Amino acid sequence: MSGEKQAEEAIVPSFNDTMDHEEKDEEEGDHSIFSVKSFLWHGGSVYDAWFSCASNQVAQVLLTLPYSFSQMGMLSGIILQIFYGVLGSWTAYLISVLYIEYRSRKEKENVSFKNHVIQWFEVLDGLLGPYWKAIGLAFNCTFLLFGSVIQLIACASNIYYINDKLDKRTWTYIFGACCATTVFIPSFHNYRIWSFLGLGMTTYTAWYLTIAALVLGQVEGVTHQGPTKLVLYFTGATNILYTFGGHAVTVEIMHAMWKPQKFKYIYLLATLYVFTLTLPSAAAVYWAFGDQLLDHSNAFSLFPRSGWRDAAVILMLIHQFITFGFACTPLYFVWEKVVGMHDTESICFRALSRLPVVIPIWFLAIIFPFFGPINSAVGSLLVSFTVYIIPAMAHMLTYKSASARKNAAEKPPFFLPSWTAIYAVNAAIVIWVFVVGFGLGGWASMTNFIKQVDTFGLFAKCYQCPTSTSKHH
């Protein structure tokens, strides 16, 4: 039973090196470290964290970036991807520093986290108090809720391009049931093989989009007018902001590591790899199809049917299932803590207690099936705070006193050794994201979102389907 329990609980050692060895001894206790179960199921290394970050960062958003390029033009699309990628890596670094600070303070008080998964709202609570806990919990849970909704919408949108005998709404019902099986995956320890496979799937899809677009060449009469309207420009910009805002699960990924201190630059390294997928594919598809993408938020819809395209669709479907689990798992943890099931050893009891989390996600995906526009709305209203503003402000407030800076568990990084410089960067991020991401982005994305509701209606049966099908709206 100890081996089973180890697989289901997020067991993380303290920051002492000796505990690292004890963890390895525990892992080898009931089965060899080379056993299949250990290899596929029980990950906590730096590499596992890198795969988790990279895999979680690009899922269905890969298919909407060409749509964003058509809204804002090639040059802005490339520049903002790099800008928000760097910005996202910095705030992920801040989150990791705050986690280490919280963890080290608690362990000085002899608090054990052996059977408890630390989450972002608990870090905010421990460092800044209950008001920050409430803010972090509200934004993080809402973002993860809609992040899961987006994966369901994407599943239905993608499968339709292989089998259009069922409408997208029916496919949403089906995939909602499939994704509900993620309740059986205990924690981020157990995503080792899924993270590895997921990144392979998005890598294939990205290079399929790139190569297929170049081979097909530019469509007849192609135009590249973007940007033409401010609403479209800032809608595209907030979708890119959303792209590099996948670290709502950063704390849970860190907590699943045997040595969380090593996380510092993992998100940046993951982002650099993600650039090799997002930049070539978005640029190539926009080059090939141009302004046609303004009415095709899913890039798959413009490519002719082929075995290569169908393979990309199927791989993305599997990856979206994995990403659904990534987004939902922190919600499962929160719900378990609410209903008192978080310390339960039985996987089946925990799975049953998690099911109520899936139902509202399923329902929202059926109400708002707007693939693409919903990314921008979530990006501007939720990601802007969850991923950029709250971590930057929390870091400034945590280290506002001289004693806090002096006793910091993590000192400033080598490339920015001054606390003053860190404060300046954090303040600039807060102002920029609040004005451009939340303000202008919120206005643009909600204007676009309301337009989709007016055009297609709520509970749309087949969003952006071909004309013959769209009569059913």
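Using N, Cα and C of the backbone, Cβ positions are placed for all residues, glycine too.
Straight from TrEMBL, the features:
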- 42-434: domain 'Amino acid transporter transmembrane' (DOMAIN)
- 1-30: region 'Disordered' (REGION)
- 78-100: transmembrane segment (TRANSMEM)
- 137-159: transmembrane segment (TRANSMEM)
- 171-189: transmembrane segment (TRANSMEM)
- 196-219: transmembrane segment (TRANSMEM)
- 231-253: transmembrane segment (TRANSMEM)
- 265-289: transmembrane segment (TRANSMEM)
- 311-335: transmembrane segment (TRANSMEM)
- 347-371: transmembrane segment (TRANSMEM)
- 377-399: transmembrane segment (TRANSMEM)
- 420-444: transmembrane segment (TRANSMEM)
Among 265-289, 311-335, 347-371, the stretch with the most Cβ pairs under 8 Å to the transmembrane segment (196-219) is 265-289
If you count CB pairs under 8 A between the transmembrane segment (231-253) and each of 78-100, 265-289, 311-335, 347-371, 420-444, the winner is 78-100
The transmembrane segment (137-159) touching the transmembrane segment (265-289) per 3+ Cβ pairs under 8 Å rule: no
Any chance the transmembrane segment (78-100) and the transmembrane segment (171-189) are in contact, meaning at least three CB pairs closer than 8 A with a sequence separation of 6+? no
Answer with yes or no whether the transmembrane segment (311-335) touches the transmembrane segment (347-371) by the criterion of at least three Cβ pairs under 8 A, sequence separation 6 or more. yes
In the same chain, residues at least 6 away from the ends of the transmembrane segment (311-335) whose Cβ sits under 8 Å of its Cβ atoms read 52, 55-56, 59-60, 62-63, 117, 119, 121, 137, 140-141, 144-145, 147-148, 151-152, 154-155, 158-159, 161-162, 175, 178-179, 182-183, 185, 187-188, 191, 194-195, 197-198, 201-202, 204-205, 208-209, 248-249, 252, 300, 342, 350, 353-354, 356-358, 361
